[in-house]
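Here is what Swiss-Prot records for this protein:
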ACT_SITE  D296  active site, proton acceptor
BINDING   K20, S21, R25, S154, S155, Q156, S181, D296, K323  3-phosphoshikimate binding site
BINDING   K20, G85, R113, Q156, R327, R371, K395  phosphoenolpyruvate binding site
Amino acid sequence: MIVRIYPSEISGTIKAPQSKSLAIRLIFLSLFTRIHLHNLVLSEDVIDAINSVRALGVEVKNNSEFIPPEKLEIKKKFIKLKGSGTTLRMLIPIVAAIGGEVTIDAEESLRRRPLKRIVEALSNYGISFSSSSLPLTITGKLSSYNIKISGDESSQYISGLIYALHILNGGSIEILPPISSKSYILLTVDLFNRFGSNVKFYGNKIHINPNNLVEFQGEVAGDYGLASFYALSALLSGGRTTIVNLWEPKEYFGDHSIVKILKEMGATSEYLDGKWYVEAKDKYSSIKVNIDDAPDLAMTIAGLAAIAEGTSEITGIERLRIKESDRIESIRKVLGLYGVGSEVKSNSILIFGINKRMLSSPITDCLNDHRVAMMSSALALVNGGVITSAECVSKSNPNYWQDLLSLNAKISIE
């Protein structure tokens, strides 16, 4: 798919894309209780999660209603994913808690991602692994209710272990610092507690005392990280937008912190009663921000930093190298195509803002990374541009291009 983007001014109201992080967690909750998700958007990552719980015995009706099995067991000995890193990393400890043997494989983007920390951790507790990357055969059953794991590679392992210890009727997790993307662990903890469980997270330790979980029926709330590209599009194009279907931002740093970050850079950016109001200003300020706890915000911040006055610095970026693409390199390449200079350091990237009238009108390949396409499309709204392999947005937000059209973006889809 090729998308041609012409200079446009974004305006209007848009519903935030459903949070795939929350959707995947809700789908995995169907291992314990009935879940009915209204109007579920079937992104590629969500489909990976659905296929995973189906392989563990969950009855799935119309890809929206999920009924837990009487007994959890591995129904399929081979689980094939597409590209959902969240699903993969949560699934590994879950199948280890259920016990048995299963082989997991996925597309090349996931095969490149390391699984070292979860393999190291669970190998100490009765689990055998064929390798530390995909394809991966897992054999055995967790032999301990008290797990130690390094927290530097992925928070998704810890989220998966919270599910695993609910399967084992309780236990504890000790996370060896540093703890990356802590906000996503807090999301999992909050979700279980909201459903009636008893999960405590103090310092670097999590204690799980399961209770029966209540059923859920409703719609998946919006995703601040994905919605931020609509906000970025408005700010770069000199427009305004209102984004609905978002929960109130939490106190801890996470994807929702983008509301505050954009405001600090000079934009009108306010949350009120479930709506995020965004309006462009004539100029934006540079910023220094650590995104280790919310790495998915990197491309949105980089996009606005491209036209901010002065030099911005995004730190805590080390794990961006193991996303759908090497996102550090992807940010550098995309900015360069639009005529924006940047400099990569050991754990940060400097972005040298320019006047937006100086932005180029390039052809950008999305590099099989949905966020590359979204960042580039926002920049292209200023002076135009072309996105190739633009179907990559289907990984997280299949409606992205239609949403831009509804916000008065001038684009053609080939």
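Using N, Cα and C of the backbone, Cβ positions are placed for all residues, glycine too.
Fair warning: this is a prediction, and the values are worked out from it, not measured in the lab.
Across the residues the record lists as binding phosphoenolpyruvate (K20, G85, R113, Q156, R327, R371, K395), the two Cα atoms farthest apart are 19 Å from each other. Across the fold, the C-alpha of R327 (phosphoenolpyruvate binding site) and the C-alpha of the residue listed as 'active site, proton acceptor' stand 10 Å from each other. Listed in sequence order, the residues of the same chain lying 6 or more apart from D296 (active site, proton acceptor) and placing their CB within less than 8 Å of its CB are G225, D255, R371.
Among the binding-site residues K20, R25, S155, S181, the residue whose Cα lies closest in space to that of R113 (phosphoenolpyruvate binding site) is S155.
Counting other C-beta atoms within 10 Å of each candidate's C-beta, the binding-site residues R25, R113, R327, R371 are led by R371. Counting in whole angstrom, K395 (phosphoenolpyruvate binding site) lies 10 from K20 (3-phosphoshikimate binding site) by their C-alpha atoms. The two recorded residues, Q156 (phosphoenolpyruvate binding site) and R25 (3-phosphoshikimate binding site), show a Cα separation of 10 Å.
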